[in-house]
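Notes follow once the structure below has been shown.
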Amino acid sequence: MARLRLLIGLIFCLAISLDSVLSAPVISQISKDVVASVGDSVEFNCTVEEVGQLSVSWAKRPSESDTNSVVLSMRNILSLPDQRYNVTVTEGPKTGSAIYTFRIQNIEVSDMGPYECQVLVSATEKVTKKLSLQIKTPPVIAENTPKSTLVTEGQNLELTCHANGFPKPTISWAREHNAVMPAGGHLLAEPTLRIRSVHRMDRGGYYCIAQNGEGQPDKRLIRVEVEFRPQIAVQRPKIAQMVSHSAELECSVQGYPAPTVVWHKNGVPLQSSRHHEVANTASSSGTTTSVLRIDSVGEEDFGDYYCNATNKLGHADARLHLFQTVIPVPSLS
């Protein structure tokens with residue numbers, strides 16, 4: 001008799017367990033991930049079997065990595081007062097099943113993200129499945145993309161352009177004024193611009209261009225400044241002049257940061273005075289033209305002059321020689 005009671009008890013427990021398994025809610029189907037444009041209407045469907053009296057809700061998570069969700073609806077009642085939202089519950093294809101449909105009209109960028117269909121089994125247990133809503137947005141270059149950069153000549157340079165948008169934007173690079181890229185060509189289809197052993201000729205503006213087929217491409221001009229030692233060019237290293245006439249000595253200086261230019265004679269720096277005038281003119285190309293003008297040249301003004309240019313990377317000198325010339329007197333014979 002005791003064995004019979006034990007057997008009956010085991011059968012009863014097994015029946016309860018089996019009934020519990022058979023009646024557990026199951027999300028048998030959920031809509032696939034959705035891709036839409038701003039202003040469209042979207043619809044999510046979630047089919048739940050063995051739902052019984054359990055509560056089924058739609059919820060939105062801020063991101064894939066954030067597990068906290070905001071409940072949007074519970075059964076057929078909206079939890080948030082948004083006129084764009086609508087939720088309905090209809091009978092499912094199987095007995096005891098139901099389809100929970102959540103609709104959003106006139107979607108906005110803020111609607112993008114993961115959505116969950118949730119079946120609340122108990123206070124600590126729920127059955128969930130999720131889908132993702134991706135919204136097509138035109139490319140926007142991110143703020144963490146630099147607007148300028150500084151590099152010393154001879155170093156390597158890497159510039160990475162970041163852009164947001166969906167589909168994921170493609171990045172390309174082009175030089176300002178359609179100039180040739182350091183590696184050749186006029187366009188580089190890479191997110192990162194790499195220049196090995198930067199040269200001063202690489203300085204200038206580079207456009208980061210982002211495009212994904214949605215709206216207009218976005219672009220940003222990034223200024224590349226290259227630091228380099230001063231370099232001096234002299235077109236006329238020897239200047240002939242007569243006494244009592246004016247003379248001009250000229251040198252062209254390049255360098256970054258812009259060098260300080262000083263003229264010397266006999267180791268003494270020359271400054272603008274009644275006898276000497278120094279004029280420095282900077283051009284848009286980064287070249288400084290320095291002119292030393294001497295009014296009414298005297299005997300003591302002849303000799304060597306030095307154009308000296310200095311910046312934080314070094315200095316350069318160029319020698320110019322002012323010598324006396326005379327007008328030949330024609331012979332009377």
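Just so it is clear, glycine is given a Cβ too, placed from its N, Cα and C backbone atoms.
Record features, source Swiss-Prot:
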{"type": "DISULFID", "residues": "CYS46-CYS117", "note": "disulfide bond"}
{"type": "DISULFID", "residues": "CYS161-CYS208", "note": "disulfide bond"}
{"type": "DISULFID", "residues": "CYS251-CYS307", "note": "disulfide bond"}
{"type": "DOMAIN", "residues": "25-128", "note": "domain 'Ig-like V-type'"}
{"type": "DOMAIN", "residues": "139-223", "note": "domain 'Ig-like C2-type 1'"}
{"type": "DOMAIN", "residues": "230-323", "note": "domain 'Ig-like C2-type 2'"}
{"type": "CARBOHYD", "residues": "ASN45", "note": "N-linked glycosylation site"}
{"type": "CARBOHYD", "residues": "ASN86", "note": "N-linked glycosylation site"}
{"type": "CARBOHYD", "residues": "ASN308", "note": "N-linked glycosylation site"}
{"type": "SIGNAL", "residues": "1-23", "note": "signal peptide"}
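Applying an 8 A CB threshold to same-chain residues 6+ apart, the list for CYS117 (disulfide bond) reads ILE27, ILE30, PHE44, CYS46, VAL48, VAL56, SER57, TRP58, TYR100, THR128, LYS129, LYS130. Of all the recorded positions listed here (ASN45, CYS161, ASN308), ASN45 has the Cα closest to the Cα of ASN86 (N-linked glycosylation site). According to DSSP, ASN86 (N-linked glycosylation site) sits within a strand segment. Here the candidates are the recorded positions ASN45, CYS161, CYS208, CYS251, and by Cα distance the one nearest ASN308 (N-linked glycosylation site) turns out to be CYS251.
The two recorded residues, CYS307 (disulfide bond) and ASN45 (N-linked glycosylation site), have Cα atoms 80 Å apart.
Under 8 Å, Cβ to Cβ, and six or more positions away along its own chain, CYS208 (disulfide bond) finds ILE141, THR145, LEU159, CYS161, ALA163, ILE171, TRP173, LEU193, LYS219, ARG220, ILE222. Between the CA atoms of CYS251 (disulfide bond) and ASN45 (N-linked glycosylation site) there is a gap of 78 Å. Here the glycosylation sites are ASN45, ASN308, and the one whose Cβ sees the fewest other Cβ atoms within 10 Å is ASN45.
According to DSSP, CYS161 (disulfide bond) is assigned to coil rather than to any helix or strand.
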